[in-house]
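Undergrad: Supplied in structure tokens, the structure appears directly below.
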Amino acid sequence: MRIVFMGTPDYATTILEGLLEKFEVVGVFTQPDKPVGRKQVVTPPHVKKFLIEKNVDIPIFQPSTLKSEEVYEQLHTLAPDFIVVAAYGQILPKEILQLAPCINLHASLLPKYRGASPIQHALLNGDTVTGVTAMLMDEGLDTGDILAYDVIDIQNSDNAITLFEKLSHLAKELTPKVLQSFENIAPIAQHDVDASYCKKIRKQDGQIRFSDAKVIWNKYRAFIVWPGIFLENGLKLKEIDLVETDNTHEEGKILEISDAGVVVGCRRGSICIKSVQPPSKKAMEAVAYLRGKRLKVGDTFF
């Protein structure tokens, strides 16, 4: 069975590892290298980095767009039985979809959270379950027929890092099952009426106010990798805990200072801030930050 794989981040890498163990992967498509960080160091995608580090001898393609005759010819020459897609970052044009069955491993229980950030949105909304859907791709955005899915619980301690890890391994196990039993699967159409969509995360999405502790906690979990959570003045809250979600407090009032951190009240609930990072400075313990600002219990945290 000849497989072409399309994927970019570490979620995709885990799925690719599973394919390499059981199938003939004849080509890998991933996004172009791009500048990363303040110094704008040109960095390869996680999938490419993995293949190079493991000395895997498979052709790697990094087109800026799939809508070209060159890409079509490359895929046609590879003659795949299946094209497996996981967080690739581009929509496949009709011509490619017609080359071979294209199966997408989407990190949500479709039709919920179609789009670019399903894991973050499951956390943002405080969901208690999520999963991976294997979908037969069409020209829409995550609208294809469902081939299979698997479900896991979301723990309150989960964040984007842990959930990405769990779902990538779930997808790694699901993908071979779908490929091996593809001819016997009856695809199920998605119910569009139940669909929801999630956009790419923007930096400004990480800004918070001390209004609802549960909302802050869910943002912290969802944005722990990027963009983080921060106040209007740019102060990043690097590490926090949820204290309680029921009591009413003055917004941003410092309720308690201890070695464990700084408890700050919200209009609903409270959080414990353990460490912060002022703009253009290194991260520090929240208690040390308060000392520098000469803030005490009863003051407003800023």
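For all residues, glycine too, the Cβ spot is worked out from N, Cα and C.
Given the structure is predicted, the values throughout are model-derived calculations rather than measurements.
Pasting the feature list from Swiss-Prot:
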type	residues	note
BINDING	S108, L109, L110, P111	(6S)-5,6,7,8-tetrahydrofolate binding site
Undergrad: An 8 Å radius from the center of the S108, L109, L110, P111 Cβ atoms defines the neighbourhood of the (6S)-5,6,7,8-tetrahydrofolate site; name the other residues of that chain inside it, in order.
TA: H106, K112, Y113, R114, P118, G131, T133, D142, Y149, Q190
Undergrad: Using all protein chains in view, find how many other C-beta atoms are within 10 Å of the C-beta of L109 ((6S)-5,6,7,8-tetrahydrofolate binding site).
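TA: 19, counting other Cβ atoms within 10 Å of L109 ((6S)-5,6,7,8-tetrahydrofolate binding site).
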Undergrad: Once the DSSP letters are reduced so that anything not helix or strand counts as coil, what is L109 ((6S)-5,6,7,8-tetrahydrofolate binding site)?
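TA: SS state of L109 ((6S)-5,6,7,8-tetrahydrofolate binding site) = coil.
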Undergrad: If one looks at the chain holding P111 ((6S)-5,6,7,8-tetrahydrofolate binding site), which residues at least 6 apart in sequence have a CB under 8 angstroms from its CB?
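TA: Result: D142, T143, Q190, H191, D192, D194, A195, S196.
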